[in-house]
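Participant: Got a structure for you, questions after.
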Amino acid sequence: MTDDTKGTKFDPKEGCSDWFVLEAECSDNSLDGDLEKLFEEGNDTDISDLIDDEDTVQGNSRELLCQQQSEESEQQIHLLKRKYFSSQEILQLSPRLQSITISPQHKSKRRLFEGDSGLELSFNEAEDFTQQTLEVQEVSASGSEPADQGAKGLGIVKDLLKCSNVKAMLLAKFKEAFGVGFMELTRQYKSCKTCCRDWVVTLYAVQDELIESSKQLLLQHCAYIWLQHMPPMCLYLLCFNVGKSRETVFRLLMNLLQVAEVQILAEPPKLRSTLSALFWYKGSMNPNVYAHGEYPEWIMTQTMINHQSAEATQFDLSTMIQYAYDNDLINEDEIAYNYAKLADTDANARAFLQHNSQARFVRECALMVRYYKRGEMKDMSISAWIHNKMLVVEGEGHWSDIVKFVRFQDINFIRFLDVFKSFLHNTPKKNCLLFYGPPDTGKSMFTMSLIKVLKGKVLSFANYKSNFWLQPLADTKIALIDDVTHVCWDYIDQYLRNGLDGNFVCLDLKHRAPCQIKFPPLLLTSNMDIMKEERYRYLHSRVHAFAFPNKFPFDSNNKPQFRLTDQSWKSFFERLWKQLDLSDQEDEGDDGHTQRSFQCTAREPNGHL
């Protein structure tokens with residue numbers, strides 16, 4: 001037998017740690033004669049207990065399974081908490097690397113109250129801190145900076161995200177760099193969608209190359225740029241050409257400066273703070289500050305001497321009243337809003353905003369404008385009133401739309417024109433027109449268009465229980481009561497006969513004494529034909545009725561076929577001015593010479609003539 005197993009590797013799990021190959025040696029003796037001997041011997045053998053016929057025993061397999069499951073569970077927990085574990089093999093490679101930690105190492109609480117005077121512990125802490133700082137600096141110096149700048153920016157963002165309050169950290173960095181608080185220069189916008197032209201922006205850890213490039217790239221977006229770089233903070237004052245929201249400003253700067261949103265703070269500047277304006281004005285003279293463009297108006301207002309003198313102008317109520325009168329503003333909300341918008345260009349409006357009695361001024365202004373308008377209306381004839389209202393109508397229309405609609409309702413236009421002439425001149429017992437008929441015939445559309453162009457008033461009978469529901473009749477040249485029902489006809493028949501006769505009536509006014517007036521021309525629409533009602537026989541001579549029997553027509557696009565617009569009525573009055581017996585405005589205007597508009601302000605001594 002020979003040993004040929006040298007250098008052969010075997011599986012250690014195959015029972016034995018060693019393996020032997022036994023090779024039998026051949027014998028010349030034949031076994032043919034010994035076969036009988038072999039059979040006679042049978043199952044006899046010299047080896048005892050070669051085969052184990054006893055029952056098998058399970059052994060300790062359950063313990064083995066528990067050990068395997070425990071090892072697997074510990075491995076999973078280790079993977080989940082791997083950032084809290086350190087590999088001993090890696091730490092043993094370098095003691096210096098082992099001393100560096102990202103998270104702060106807090107002292108054990110049991111040593112907080114260790115008995116000591118404090119001097120020795122202070123020295124120990126100082127030595128430990130110095131040693132740790134030196135080791136970190138040495139490792140940083142020995143290491144090479146990453147080539148990828150994106151990785152550096154990502155590291156800055158991660159450092160910011162580790163802070164519990166990123167905004168507070170940026171505000172502290174800003175005050176440390178510029179010596180003034182960021183919120184002292186700005187006012188706060190709660191919503192990121194509110195638009196403003198001027199924005200104060202500060203950024204953290206921006207590359208110098210990108211800051212230099214932004215000076216040119218922002219020129220196309222801004223009328224004024226103010227820039228100062230005090231590492232690691234950078235401060236911008238950007239006056240955009242158009243209003244932008246905070247979201248839009250963030251997207252623009254993130255694209256130009258390659259920064260994350262967490263690195264940016266943006267708020268609009270304080271426009272009325274003199275200290276804030278001086279910060280930007282004096283800062284622009286600093287050689288380290290880049291400024292491009294003309295100063296914004298709000299900086300000029302706070303810093304220049306001529307603007308300061310204009311700021312001292314006292315508020316003049318008559319100027320505000322003149323503005324509201326010229327622009328036909330009667331309601332208090334319209335006066336307040338539109339006059340406040342003039343603060344950028346008008347010194348008196350700016351003084352109005354700085355006054356503490358704005359609400360009182362608005363009420364008094366609206367009251368005075370109503371007084372002037374009422375006096376002007378009473379001084380005008382119906383011809384002058386119609387001419388004045390037609391002057392403000394822009395665009396061109398055609399008078400034939402009115403004529404065609406009247407004829408479409410089977411009304412003789414010559415008769416309608418004659419009645420309409422008496423109606424406009426407020427002739428007694430002819431100053432009330434009724435348009436009746438079934439629904440959807442255009443009654444309200446026709447009368448509302450006339451009321452709109454002549455700036456008339458609409459009365460609602462729903463308020464008839466109030467003593468003042470007829471008060472608008474004192475402030476108009478023409479009025480309308482739409483959709484008159486039986487109840488309203490009964491009220492007119494009982495209480496308004498004298499008014500329809502053209503006589504003076506006593507009208508109750510709110511917060512004022514009752515006044516004596518004549519009713520202006522009155523338009524009525526109804527679904528009832530009172531001419532066939534015997535109970536209203538006393539109104540037959542006071543009301544002129546026209547029937548609208550046909551439904552108002554619409555084309556295939558659901559648009560009206562008759563254009564009852566302001567332009568159509570303007571063309572109608574211009575075309576039929578003489579037929580309506582309206583006076584010539586050149587005669588009333590002193591042979592066509594221009595008349596000076598109403599002036600409710602005192603002329604300045606050195607003013608223009």
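In case you wondered, yes, glycine gets a Cβ from its N, Cα and C as well.
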Participant: Can you identify, from 93-102, 263-272, 293-302, the stretch that Swiss-Prot calls motif 'Nuclear export signal'?
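Facilitator: Result: 93-102 is the stretch Swiss-Prot calls motif 'Nuclear export signal'.
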Participant: With a radius of 8 angstroms around the mean position of the C-beta atoms of GLY437, PRO438, PRO439, ASP440, THR441, GLY442, LYS443, SER444, what other residues of the same chain does the ATP site pick up?
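Facilitator: Apart from GLY437, PRO438, PRO439, ASP440, THR441, GLY442, LYS443, SER444, the close residues are THR525, ASN527, PHE548, LYS551, PHE552.
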Participant: Given a separation of at least six residues and a C-beta threshold under 8 Å, show me what packs close to ASP440 (ATP binding site) in the same chain.
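Facilitator: Expected: LYS551, PHE552.
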Participant: If you count, for each of the binding-site residues PRO438, PRO439, GLY442, the other Cβ atoms lying within 10 Å of its Cβ, which residue has the minimum?
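Facilitator: Fewest other Cβ atoms within 10 Å, among the binding-site residues PRO438, PRO439, GLY442, is found for PRO439.
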Participant: Run through the Cβ atoms and count how many others sit within 10 Å of the one on GLY437 (ATP binding site).
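Facilitator: If we count other Cβ atoms within 10 Å of GLY437 (ATP binding site), we arrive at 21.
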Participant: Can you give me the same-chain residues 6 or more apart in sequence from SER444 (ATP binding site) with a CB-CB distance under 8 Å?
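Facilitator: Same-chain residues close to SER444 (ATP binding site) (Cβ under 8 Å, separated by 6 or more) are ASP482, ASP483, THR525.
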